[in-house]
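Q: Input: one structure, supplied below.
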Amino acid sequence: MNPAACVGRFAPSPTGPLHLGSLVAAVASFLDARAAGGRWLVRMEDLDRPRCEPGAAGIILRQLEAYGLVWDGDVLVQSQRDHAYAAALDMLKAQGAAYPCACTRAQLVQAPRNREGEMLYPGTCRNGLPADTVARAWRVRAPDASIRLHDRIHGDLQQNLAREVGDFIVKRADGLFAYQLAVVVDDAFQGITHVVRGADLLWNTPRQIYLQGLLGVPTPTYAHVPLITNVAGQKLSKQTRAPALPERGRDATLAQALVTLGHPPPGELAGAAPAELLTWASTHWHIENVPTHPVVAKPAP
(Lines of atoms letter the chains of each structure in order from A and count residues from 1; the text may use other names and numbers.)
(Lines give C-alpha, C1' and ligand atoms only; values in the text may rest on other atoms or scores of the structure.)
Protein backbone atom coordinates (compact mmCIF):
# COMPACT_ATOMS: atom_id res chain seq x y z
CA MET A 1 0.00 0.00 0.00
CA ASN A 2 1.07 3.58 -0.56
CA PRO A 3 2.76 4.58 2.72
CA ALA A 4 1.22 8.04 2.56
CA ALA A 5 -2.19 6.36 2.72
CA CYS A 6 -1.45 4.74 6.11
CA VAL A 7 -3.12 6.61 8.97
CA GLY A 8 -2.95 5.35 12.54
CA ARG A 9 -4.24 6.83 15.78
CA PHE A 10 -4.05 6.81 19.55
CA ALA A 11 -7.35 7.54 21.26
CA PRO A 12 -7.05 7.78 25.05
CA SER A 13 -9.88 8.63 27.43
CA PRO A 14 -8.83 11.55 29.67
CA THR A 15 -9.77 9.88 32.94
CA GLY A 16 -6.26 10.38 34.33
CA PRO A 17 -2.60 10.40 33.25
CA LEU A 18 -1.12 7.72 31.01
CA HIS A 19 0.38 4.63 32.66
CA LEU A 20 2.56 1.83 31.28
CA GLY A 21 -0.39 0.02 29.70
CA SER A 22 -1.54 3.07 27.78
CA LEU A 23 2.06 3.85 26.78
CA VAL A 24 2.37 0.38 25.23
CA ALA A 25 -0.76 0.99 23.13
CA ALA A 26 0.45 4.45 22.11
CA VAL A 27 3.90 3.21 21.14
CA ALA A 28 2.50 0.30 19.13
CA SER A 29 0.15 2.51 17.12
CA PHE A 30 2.89 5.12 16.63
CA LEU A 31 5.46 2.60 15.39
CA ASP A 32 2.99 0.85 13.12
CA ALA A 33 2.18 4.13 11.37
CA ARG A 34 5.72 5.48 11.26
CA ALA A 35 7.18 2.19 10.01
CA ALA A 36 4.85 2.49 7.01
CA GLY A 37 5.77 6.12 6.47
CA GLY A 38 2.27 7.12 7.47
CA ARG A 39 0.56 9.65 9.70
CA TRP A 40 -0.23 9.22 13.40
CA LEU A 41 -3.18 11.08 14.88
CA VAL A 42 -4.40 11.63 18.44
CA ARG A 43 -8.05 11.70 19.48
CA MET A 44 -9.38 12.49 22.94
CA GLU A 45 -12.23 10.10 23.66
CA ASP A 46 -13.93 12.22 26.31
CA LEU A 47 -17.38 11.01 25.32
CA ASP A 48 -18.18 9.75 28.83
CA ARG A 49 -17.96 13.18 30.43
CA PRO A 50 -18.74 12.06 34.01
CA ARG A 51 -15.65 9.83 34.01
CA CYS A 52 -13.26 12.43 32.59
CA GLU A 53 -10.87 14.23 34.89
CA PRO A 54 -10.35 17.99 34.51
CA GLY A 55 -6.93 18.73 33.05
CA ALA A 56 -6.21 15.10 32.15
CA ALA A 57 -6.24 15.73 28.38
CA GLY A 58 -3.46 18.31 28.69
CA ILE A 59 -1.45 16.00 30.93
CA ILE A 60 -1.75 13.17 28.40
CA LEU A 61 -0.57 15.34 25.52
CA ARG A 62 2.43 16.53 27.51
CA GLN A 63 3.27 12.92 28.43
CA LEU A 64 3.16 11.89 24.77
CA GLU A 65 5.51 14.72 23.83
CA ALA A 66 7.87 13.89 26.69
CA TYR A 67 8.12 10.30 25.46
CA GLY A 68 8.85 11.39 21.89
CA LEU A 69 5.41 10.49 20.55
CA VAL A 70 4.76 13.47 18.28
CA TRP A 71 1.43 13.40 16.47
CA ASP A 72 0.31 14.86 13.15
CA GLY A 73 -2.42 17.47 12.72
CA ASP A 74 -4.92 18.67 15.28
CA VAL A 75 -6.19 16.61 18.20
CA LEU A 76 -9.80 15.53 17.62
CA VAL A 77 -12.03 15.91 20.69
CA GLN A 78 -15.12 13.69 20.86
CA SER A 79 -17.10 15.97 23.16
CA GLN A 80 -17.18 18.49 20.31
CA ARG A 81 -18.68 16.05 17.80
CA ASP A 82 -22.20 15.25 18.99
CA HIS A 83 -23.55 16.61 15.70
CA ALA A 84 -21.66 13.93 13.76
CA TYR A 85 -22.88 11.13 16.01
CA ALA A 86 -26.47 12.41 15.81
CA ALA A 87 -26.27 12.36 12.00
CA ALA A 88 -25.01 8.77 12.07
CA LEU A 89 -27.81 7.73 14.42
CA ASP A 90 -30.33 9.34 12.07
CA MET A 91 -28.94 7.17 9.25
CA LEU A 92 -29.38 4.05 11.37
CA LYS A 93 -32.94 5.06 12.26
CA ALA A 94 -33.79 5.66 8.60
CA GLN A 95 -32.61 2.13 7.76
CA GLY A 96 -34.64 0.60 10.57
CA ALA A 97 -31.38 -0.64 12.06
CA ALA A 98 -31.80 1.33 15.31
CA TYR A 99 -34.79 1.36 17.63
CA PRO A 100 -35.77 3.11 20.88
CA CYS A 101 -35.49 1.22 24.16
CA ALA A 102 -37.39 2.00 27.37
CA CYS A 103 -35.72 -0.59 29.60
CA THR A 104 -34.03 0.37 32.85
CA ARG A 105 -31.06 -1.37 34.43
CA ALA A 106 -33.32 -2.72 37.16
CA GLN A 107 -35.56 -4.34 34.55
CA LEU A 108 -32.58 -6.05 32.91
CA VAL A 109 -30.81 -7.30 36.01
CA GLN A 110 -31.94 -10.88 35.37
CA ALA A 111 -30.92 -10.87 31.70
CA PRO A 112 -28.29 -13.45 30.69
CA ARG A 113 -24.64 -12.45 30.36
CA ASN A 114 -22.09 -13.24 27.70
CA ARG A 115 -18.55 -14.46 28.32
CA GLU A 116 -17.35 -10.89 28.82
CA GLY A 117 -19.95 -10.29 31.50
CA GLU A 118 -22.01 -8.02 29.26
CA MET A 119 -25.78 -8.16 29.42
CA LEU A 120 -27.42 -9.96 26.47
CA TYR A 121 -30.44 -7.77 25.76
CA PRO A 122 -33.62 -9.92 25.73
CA GLY A 123 -35.26 -7.86 22.97
CA THR A 124 -38.02 -6.35 25.10
CA CYS A 125 -38.37 -3.24 22.90
CA ARG A 126 -37.15 -4.71 19.62
CA ASN A 127 -40.59 -4.75 18.02
CA GLY A 128 -41.87 -1.55 19.60
CA LEU A 129 -42.04 0.17 22.96
CA PRO A 130 -44.30 -1.50 25.53
CA ALA A 131 -47.45 0.43 26.44
CA ASP A 132 -47.06 3.38 28.80
CA THR A 133 -43.29 3.59 28.36
CA VAL A 134 -41.00 6.21 26.84
CA ALA A 135 -37.72 5.83 25.00
CA ARG A 136 -34.63 6.10 27.18
CA ALA A 137 -31.90 4.84 24.86
CA TRP A 138 -31.31 3.67 21.28
CA ARG A 139 -30.13 0.20 20.29
CA VAL A 140 -28.95 -1.39 17.05
CA ARG A 141 -30.45 -4.69 15.95
CA ALA A 142 -27.74 -7.33 16.10
CA PRO A 143 -27.93 -9.75 13.15
CA ASP A 144 -27.99 -13.50 13.69
CA ALA A 145 -24.88 -13.81 11.56
CA SER A 146 -21.16 -14.12 12.08
CA ILE A 147 -19.04 -11.02 11.63
CA ARG A 148 -15.56 -12.05 10.50
CA LEU A 149 -12.39 -10.24 11.44
CA HIS A 150 -8.73 -10.69 10.60
CA ASP A 151 -6.62 -9.27 13.39
CA ARG A 152 -2.98 -8.72 12.45
CA ILE A 153 -1.85 -10.12 15.81
CA HIS A 154 -4.56 -12.62 16.80
CA GLY A 155 -5.44 -13.94 13.34
CA ASP A 156 -8.90 -14.84 12.04
CA LEU A 157 -11.84 -14.42 14.41
CA GLN A 158 -15.61 -14.39 14.15
CA GLN A 159 -18.50 -13.38 16.37
CA ASN A 160 -22.25 -13.93 16.09
CA LEU A 161 -23.61 -10.58 17.21
CA ALA A 162 -27.13 -11.74 18.06
CA ARG A 163 -25.99 -14.71 20.14
CA GLU A 164 -22.80 -13.35 21.69
CA VAL A 165 -23.53 -9.62 22.07
CA GLY A 166 -27.21 -8.89 21.50
CA ASP A 167 -28.80 -5.62 20.43
CA PHE A 168 -26.34 -3.00 21.62
CA ILE A 169 -26.70 0.62 22.69
CA VAL A 170 -25.62 3.48 20.45
CA LYS A 171 -27.18 6.30 22.50
CA ARG A 172 -27.40 6.02 26.25
CA ALA A 173 -30.26 6.84 28.60
CA ASP A 174 -28.29 9.83 29.92
CA GLY A 175 -28.24 11.34 26.43
CA LEU A 176 -24.59 10.54 25.69
CA PHE A 177 -23.66 8.70 22.52
CA ALA A 178 -22.09 5.29 23.03
CA TYR A 179 -18.46 4.46 22.31
CA GLN A 180 -19.34 1.90 19.64
CA LEU A 181 -20.99 4.52 17.43
CA ALA A 182 -18.56 7.37 18.12
CA VAL A 183 -15.42 5.37 17.37
CA VAL A 184 -16.79 4.27 13.98
CA VAL A 185 -17.82 7.81 13.04
CA ASP A 186 -14.50 9.29 14.13
CA ASP A 187 -12.27 6.66 12.52
CA ALA A 188 -14.07 7.33 9.22
CA PHE A 189 -13.86 11.11 9.66
CA GLN A 190 -10.13 10.99 10.35
CA GLY A 191 -9.45 8.53 7.53
CA ILE A 192 -7.97 5.92 9.87
CA THR A 193 -6.65 2.92 7.93
CA HIS A 194 -4.81 1.07 10.71
CA VAL A 195 -6.24 0.65 14.21
CA VAL A 196 -3.69 -0.59 16.76
CA ARG A 197 -5.06 -0.69 20.31
CA GLY A 198 -5.36 -2.79 23.46
CA ALA A 199 -6.67 -6.35 23.42
CA ASP A 200 -9.51 -5.40 25.78
CA LEU A 201 -11.20 -3.81 22.74
CA LEU A 202 -10.96 -6.89 20.52
CA TRP A 203 -14.40 -8.11 21.64
CA ASN A 204 -15.94 -4.79 20.53
CA THR A 205 -14.51 -4.88 17.03
CA PRO A 206 -17.20 -6.98 15.27
CA ARG A 207 -19.84 -4.50 16.45
CA GLN A 208 -17.83 -1.70 14.94
CA ILE A 209 -17.37 -3.57 11.67
CA TYR A 210 -21.13 -4.11 11.50
CA LEU A 211 -21.79 -0.41 12.08
CA GLN A 212 -19.24 0.49 9.41
CA GLY A 213 -21.24 -1.55 6.93
CA LEU A 214 -24.52 0.09 7.92
CA LEU A 215 -23.02 3.57 7.67
CA GLY A 216 -21.17 2.88 4.43
CA VAL A 217 -17.71 3.76 5.73
CA PRO A 218 -14.43 1.85 5.23
CA THR A 219 -13.25 -0.82 7.63
CA PRO A 220 -9.65 -0.27 8.76
CA THR A 221 -7.22 -3.07 9.51
CA TYR A 222 -7.06 -4.06 13.18
CA ALA A 223 -4.32 -5.17 15.55
CA HIS A 224 -4.85 -5.63 19.27
CA VAL A 225 -1.74 -5.50 21.43
CA PRO A 226 -1.41 -7.41 24.72
CA LEU A 227 -2.84 -6.02 27.91
CA ILE A 228 -0.42 -5.05 30.65
CA THR A 229 -1.44 -6.39 34.04
CA ASN A 230 -0.27 -6.03 37.61
CA VAL A 231 1.02 -9.01 39.57
CA ALA A 232 -2.57 -9.84 40.56
CA GLY A 233 -3.50 -10.26 36.90
CA GLN A 234 -5.58 -7.06 36.77
CA LYS A 235 -5.36 -4.78 33.74
CA LEU A 236 -3.40 -1.63 34.52
CA SER A 237 -5.93 1.18 34.84
CA LYS A 238 -7.03 4.04 37.02
CA GLN A 239 -9.37 1.60 38.80
CA THR A 240 -6.46 -0.69 39.70
CA ARG A 241 -4.35 2.30 40.77
CA ALA A 242 -1.77 2.00 38.02
CA PRO A 243 0.97 4.57 38.59
CA ALA A 244 1.33 7.42 36.12
CA LEU A 245 4.28 7.34 33.71
CA PRO A 246 7.40 8.55 35.49
CA GLU A 247 8.89 11.91 34.61
CA ARG A 248 12.37 10.57 35.21
CA GLY A 249 13.88 7.50 33.61
CA ARG A 250 11.74 7.82 30.49
CA ASP A 251 14.34 5.89 28.51
CA ALA A 252 13.96 2.85 30.77
CA THR A 253 10.15 3.06 30.74
CA LEU A 254 10.06 3.34 26.95
CA ALA A 255 12.49 0.44 26.64
CA GLN A 256 10.18 -1.59 28.90
CA ALA A 257 7.26 -0.81 26.57
CA LEU A 258 9.32 -1.95 23.57
CA VAL A 259 10.28 -5.19 25.32
CA THR A 260 6.61 -5.79 26.09
CA LEU A 261 5.87 -5.40 22.37
CA GLY A 262 8.52 -7.97 21.43
CA HIS A 263 11.02 -5.35 20.22
CA PRO A 264 13.82 -5.18 22.82
CA PRO A 265 16.26 -2.39 21.93
CA PRO A 266 19.94 -3.31 21.56
CA GLY A 267 22.31 -2.77 24.45
CA GLU A 268 24.05 0.15 22.80
CA LEU A 269 20.81 2.13 23.08
CA ALA A 270 20.71 1.86 26.88
CA GLY A 271 20.06 5.34 28.21
CA ALA A 272 19.21 6.72 24.76
CA ALA A 273 16.69 9.53 24.46
CA PRO A 274 13.09 8.56 23.64
CA ALA A 275 13.35 9.98 20.11
CA GLU A 276 16.40 7.81 19.38
CA LEU A 277 14.71 4.70 20.77
CA LEU A 278 11.60 5.34 18.67
CA THR A 279 13.66 5.93 15.52
CA TRP A 280 15.36 2.57 16.02
CA ALA A 281 12.07 0.84 16.77
CA SER A 282 10.28 2.28 13.74
CA THR A 283 12.94 0.86 11.43
CA HIS A 284 12.76 -2.56 13.13
CA TRP A 285 8.99 -2.80 13.60
CA HIS A 286 7.48 -6.22 12.81
CA ILE A 287 3.97 -6.65 14.13
CA GLU A 288 4.32 -10.43 14.02
CA ASN A 289 6.78 -10.09 16.93
CA VAL A 290 4.09 -8.67 19.21
CA PRO A 291 2.87 -11.31 21.71
CA THR A 292 -0.78 -12.32 21.95
CA HIS A 293 -0.87 -12.98 25.70
CA PRO A 294 -1.13 -10.47 28.57
CA VAL A 295 2.15 -9.24 30.01
CA VAL A 296 2.78 -8.64 33.71
CA ALA A 297 4.33 -5.27 34.50
CA LYS A 298 7.37 -5.76 36.69
CA PRO A 299 7.43 -3.46 39.72
CA ALA A 300 10.06 -0.74 39.62
CA PRO A 301 13.21 -1.74 41.53
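Cβ atoms here come from the backbone N, Cα and C positions, even for glycine.
Checked Swiss-Prot, it gives:
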type: BINDING; residues: ARG9, PHE10, ALA11, PRO12, SER13, GLU45, TYR179, ARG197; note: L-glutamate binding site
type: MOTIF; residues: 12-22; note: motif ''HIGH' region'
type: BINDING; residues: CYS101, CYS103, TYR121, CYS125; note: Zn(2+) binding site
type: MOTIF; residues: 235-239; note: motif ''KMSKS' region'
type: BINDING; residues: LYS238; note: ATP binding site
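Describe each of these features in terms of where it is and what it packs against.
A: DSSP assigns SER13 (L-glutamate binding site) to coil, not to a helix or a strand.
Through the fold, the motif ''HIGH' region' (12-22) approaches residues 42, 44-48, 51-53, 56-57, 59-60, 63-64, 198, 227-228, 235-238, 242-245, 253, 256-257, 297 of its own chain, all at least 6 residues removed from its boundaries and within a Cβ separation under 8 Å.
A C-beta separation below 8 Å, combined with a sequence spacing of at least six in one chain, links CYS125 (Zn(2+) binding site) to TYR99, PRO100, CYS101, ALA102, CYS103, THR133, ARG139.
Among residues of the same chain six or more beyond the motif ''KMSKS' region' (235-239), those with a C-beta under 8 A of the stretch's C-beta atoms are 15-16, 19-22, 200, 227-229, 294, 297.
Within 10 Å of the C-beta of LYS238 (ATP binding site) we count 15 further C-beta atoms, all protein chains included. LYS238 (ATP binding site) falls outside any helix or strand according to DSSP and counts as coil.
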Q: Whole-number Å only: compute the distance from the Cα of GLU45 (L-glutamate binding site) to the Cα of TYR121 (Zn(2+) binding site).
A: 26
Q: Show, in sequence order, which residues other than ARG9, PHE10, ALA11, PRO12, SER13, GLU45, TYR179, ARG197 on the same chain lie with their Cβ within 8 Å of the centre of the Cβ atoms of the L-glutamate site.
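A: Result: ARG43, MET44, VAL183.
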Q: If I take the alpha carbons of TYR179 (L-glutamate binding site) and TYR121 (Zn(2+) binding site), what is the distance between them in whole Å?
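A: Checking the Cα atoms of TYR179 (L-glutamate binding site) and TYR121 (Zn(2+) binding site) gives a distance of 17 Å.
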Q: If you draw a 10 Å sphere on the Cβ of TYR179 (L-glutamate binding site), how many other Cβ atoms land inside?
A: 20
Q: For Zn(2+), what surrounds CYS101, CYS103, TYR121, CYS125 with a Cβ no more than 8 Å from their Cβ centroid?
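A: Those within range, site residues removed, are ALA102, LEU108, PRO122, GLY123, THR124, ARG126, ALA137, ARG139, ASP167.
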Q: Under 8 Å Cβ to Cβ from ALA11 (L-glutamate binding site), same chain, six or more residues apart: give me those in sequence order, or none if nothing qualifies.
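A: Those within reach of ALA11 (L-glutamate binding site), by Cβ under 8 Å and sequence separation of 6 or more, are VAL42, ARG43, MET44, GLU45, VAL183, ASP186, ARG197.
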